[in-house]
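Colleague: Take this structure, written in structure tokens, and hold onto it; I'll ask about it next.
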Amino acid sequence: MLTLIPLPAFEDNYIWVWHDAKYAVAVDPGDPAVLSTYLDSRGLALAAVLVTHHHRDHTGGNTWLRQRYNCAIYAPDNPRIPAVSHVVRGGDSVAVPELGLALAVLATPGHTLDHVSYVGNGHLFCGDTLFGCGCGKLFEGDAAMMSASLDALAALPPTTRVCCAHEYTLSNIDFAKTIDGANPALLERERIDRAARAQNRPTLPSTLALERTTNPFLRFHDADMRAFAVGELGSPDPGPATVFGAIRAAKDRWDG
């Protein structure tokens, strides 16, 4: 029986830890102190680290953790990611035999060019590509690239549990309501997620089914999101990537 825990780190990061009674795998452990405190208090050995992209809040623990636990570190091919033992690319798989896990690697560029996601045992570890009711900013990629990555994630089974790297859900819901405020599924999600945060509980993991019905960044094929893009751009027939780009631009303006 595996336990999945989102460990809060920094202001709003989550370090995802999947473990049994002896071994653990961690995703994007930017703060090694947070992770090691959890592991050591339970007598867990760190078998592997999975890194989604090169940003420091996702990679800052790599060097210390590899020295401390002699763990494998899987990451995309980028010299800015330290202490990597195994480079991964889309189409690869990662085995963690200590936990009986096999995870597929998906290339999900957009937030960064090197971004990958990991999928296995009904769980998606998507870093900063997909958030609760949102998606990552386009720091390196473009709208076509990110929309293709999100389409790939949306094609996973609806029961897939979505394990994002940041607790941004309530802010993302606030934005989503400005363009999709009549969506009853979104309003029900807001009720549930606000109650969770009021009790200091995470809003994650969500499910792909929930994201498909409430997240505007997975709904850019839908008629109401296309209508929003037409109003924003004045284009009579925008394609899916253009619709996504209009939603992303609106979110960037809303963020200020």
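Backbone N, Cα and C define each Cβ position, glycine as well.
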Colleague: What does Swiss-Prot list, out of D20, D92, D128, as binding the same Zn(2+) 2 as D57, H58, H166?
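Modeller: Swiss-Prot names D128 for this Zn(2+) 2 site.
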Colleague: Restricting to the chain of H55 (Zn(2+) 1 binding site) and a gap of 6 or more, list residues whose Cβ falls under 8 Å of its Cβ, or answer none.
Modeller: T112, D128
Colleague: Which chain neighbours of the Zn(2+) 2 site, leaving out D57, H58, D128, H166, have a Cβ atom within 8 Å of the mean position of the site's Cβ atoms?
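Modeller: Here the non-site neighbours turn out to be N13, D28, G30, T52, H53, H55, G127, A165.
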Colleague: Helix, strand or coil: which one is H166 (Zn(2+) 2 binding site) in, per DSSP?
Modeller: strand
